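In what follows, a structure is listed as structure tokens, so that the remarks can point back to it.
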């Protein structure tokens with residue numbers, strides 16, 4: 001091949017090299033483009049396949065409430081953007097919907113602020129691209145008692161909401177103090193100073209952590225603010241570490257470890273940043289008999305993270321006080337149960 005004929009090839013190669021090695025915009029895009037050799041990832045249904053924030057590789061877009069960075073963008077087809085908070089915090093954000101973004105639910109488009117009943121069990125509202133639902137059925141709790149040692153909810157013919165029934169014990173040797181029903185997390189009601197004649201203060205329960213192990217996100221919606229405007233709030237959460245083998249800590253003869261003891265204080269990690277303080281945190285354990293262990297009482301505290309470049313960011317985080325192990329586990333086929341939606345404060349029971 002002659003030098004003249006190689007001219008276009010050489011130019012194309014130089015252009016391609018420049019595109020692949022260009023520094024991308026943002027803190028996490030300073031290196032050259034390096035994409036995995038395997039084919040583009042297969043995204044779950046409803047999740048867009050987009051170029052990362054550096055314009056290099058195809059990735060599954062982050063969804064509402066998930067953590068995002070320059071390289072991990074939010075789903076643009078759902079009107080989401082990465083909200084980084086203050087200008088100084090430009091590393092990690094949370095995917096947030098633009099004001100007034102509509103919702104797509106069950107193949108139907110709902111306007112922001114529009115309410116609808118998804119089923120006989122749930123009343124839902126679209127808010128800036130997110131659907132929040134309140135249960136229409138009673139969420140009361142019945143714990144084991146001498147006259148009803150094995151309570152459980154059952155679906156009765158002709159009725160929408162499940163009702164409590166008492167089963168006779170199948171095996172008398174299995175009776176123990178374990179809780180048989182999921183109990184609502186303790187939450188704080190509206191600030192008395194925010195109750196005004198022209199504002200009905202409403203706050204949803206914190207949703208369950210988005211991950212069963214490792215760092216996740218928990219969200220809620222409230223209008224408990226000076227402008228009485230609905231806003232989404234988020235906090236970090238960790239139900240249990242992923243690397244811990246908690247089943248090894250279950251005592252002989254037992255089937256659960258409700259709140260395993262942590263041998264030493266730990267530091268939390270978030271996208272390469274480490275908490276500035278150590279924490280003797282509590283985590284929820286596991287069971288070997290099909291029960292779930294979930295947070296029962298929690299509190300929210302600020303945690304400061306320091307990044308390798310010296311930047312410090314502050315994030316609210318859930319801290320567990322107590323856990324409960326129960327059979328009322330969220331169903332994989334029930335989108336609302338899996339998110340632990342609860343009724344809003346101020347609603348009629």
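For all residues, glycine too, the Cβ spot is worked out from N, Cα and C.
Feature annotation from Swiss-Prot assigns signal peptide to 1-26.
If you look up Swiss-Prot, you'll see 27-98 marked as domain 'IGFBP N-terminal', on the strength of sequence analysis. For the domain 'IGFBP N-terminal' (27-98), the DSSP-based tally of helix, strand and coil residues reads 6 helix, 19 strand, 47 coil.
Annotation comment: Swiss-Prot describes 28 (among others) as N-linked glycosylation site.
Every protein chain shown contributes to the tally, and the Cβ of residue 54 (disulfide bond) ends up with 20 other Cβ atoms within 10 Å. The disulfide bond annotation in Swiss-Prot covers 29-54 (among others), and the record cites sequence analysis as its basis.
Residue 56 (disulfide bond) counts 19 other C-beta atoms within 10 Å of its own C-beta, drawing on all protein chains shown. Marked as disulfide bond by Swiss-Prot: 33-56 (among others).
Taking the Cβ of residue 57 (disulfide bond) as centre and 10 Å as the limit, one finds 14 other Cβ atoms among all the protein chains shown. What Swiss-Prot lists as disulfide bond is 35-57 (among others).
Cβ neighbour count for residue 60 (disulfide bond) (all protein chains, 10 Å cutoff from its Cβ): 16. Annotation source Swiss-Prot lists disulfide bond at 43-60 (among others).
Residue density at residue 68 (disulfide bond): 24 other Cβ atoms are found within 10 A of its Cβ, drawing on all protein chains shown. Sequence annotations record features per position, and here Swiss-Prot assigns disulfide bond to 68-82 (among others) based on sequence analysis.
Taken from Swiss-Prot, the feature disulfide bond applies to 74-95 (among others), supported by sequence analysis. Note on residue 95 (disulfide bond): other Cβ atoms within 10 Å of its Cβ, all shown chains, come to 24.
Helix first, then strand, then coil: DSSP counts for the domain 'VWFC' (101-167) stand at 0 helix, 35 strand, 32 coil. The domain 'VWFC' annotation in Swiss-Prot covers 101-167 and rests on sequence analysis.
What Swiss-Prot records for 198-243 is domain 'TSP type-1'.
Under the heading N-linked glycosylation site, Swiss-Prot lists 225 (among others), citing sequence analysis as support. In three-state terms derived from DSSP, residue 225 (N-linked glycosylation site) belongs to neither a helical nor a strand segment and is classed as coil.
The annotation region 'Heparin-binding' is assigned in Swiss-Prot to 247-349.
Summarising the annotation, Swiss-Prot assigns disulfide bond to 256-293 (among others) and lists similarity to another entry as the type of evidence. Its Cβ placed at the centre, residue 293 (disulfide bond) has 25 other Cβ atoms within 10 Å. According to DSSP, residue 293 (disulfide bond) sits within a strand segment.
Sequence annotations record features per position, and here Swiss-Prot assigns domain 'CTCK' to 256-330. Along the domain 'CTCK' (256-330), the predicted structure has mean pLDDT 86.
Residue 273 (disulfide bond) falls within a strand segment according to DSSP. Other Cβ atoms within 10 Å of the Cβ of residue 273 (disulfide bond), summed over all protein chains shown, number 20. If you look up Swiss-Prot, you'll see 273-307 (among others) marked as disulfide bond, on the strength of similarity to another entry.
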Per DSSP, three-state class assigned to residue 329 (disulfide bond): coil
Rounded Cα-Cα span from residue 35 (disulfide bond) to residue 54 (disulfide bond), Å: 11
Neighbour count (Cβ, 10 Å) for residue 284 (disulfide bond): 25
Minimum Cα separation from residue 293 (disulfide bond), reported as the residue among recorded positions 56, 225, 284, 307 that achieves it: 284
